[in-house]
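Noted in TrEMBL for the protein shown:
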- 7-26: transmembrane segment (TRANSMEM)
- 11-192: domain 'Major facilitator superfamily (MFS) profile' (DOMAIN)
- 46-65: transmembrane segment (TRANSMEM)
- 77-96: transmembrane segment (TRANSMEM)
- 102-123: transmembrane segment (TRANSMEM)
- 135-159: transmembrane segment (TRANSMEM)
- 165-183: transmembrane segment (TRANSMEM)
Amino acid sequence: MTTRQHSSFAIVFILGLLAMLMPLSIDMYLPALPVISAQFGVPAGSTQMTLSTYILGFALGQLIYGPMADSFGRKPVVLGGTLVFAAAAVACALAQTIDQLIVMRFFHGLAAAAASVVINALMRDIYPKEEFSRMMSFVMLVTTIAPLMAPIVGGWVLVWLSWHYIFWILASLFTFVPLLVTLRRCSVISVS
């Protein structure tokens, strides 16, 4: 494997992990909805609001992060977004009421949008037009693992631990990704 191929593999892997933010934080969480309703003593509709506010935050975040990435550069937006995502996951894990969880899930979604928006711009910055489609399909291939495995992992975590650990896992995973981006000495995400 040449150095360029190795670098492309690393870029695809890192960007694929970043693209997993949205599906992981929804699909891993779905098996826990009935348990959260029971623990907080609220109807299912209240717990489902956590999904609605997450998606609302995600939608609003997409409007914000595009211009931010153009103004401040891709790297600060991606790193900031993933770190805020991890902090919001910790806040979700520590939520004491359903209202706190609903609010924190909004910020969770808002932060997840950073990676989603910046990935497409990064891919266009890194790869020439001829390679863009092929490399983007590899990123999406890595990303498709999340909706396939997340409900299984979420259910397993729910059986062996508690719903709080779903958020601890998300926080740990997406604290690791910025470290990977920062430590990786290649042009991934350094594009301004």
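Counting begins at 1 with the first residue displayed.
Every residue, even glycine, has its Cβ placed from backbone N, Cα and C.
Nobody curates TrEMBL annotations by hand; they come from automatic prediction.
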Inquiry  = Which range wins on Cβ pairs under 8 Å with the transmembrane segment (135-159): 7-26, 46-65, 102-123?
reply    = 7-26
Task = Take every residue in the domain 'Major facilitator superfamily (MFS) profile' (11-192), average their pLDDT values, and give the whole-number result.
result = 83
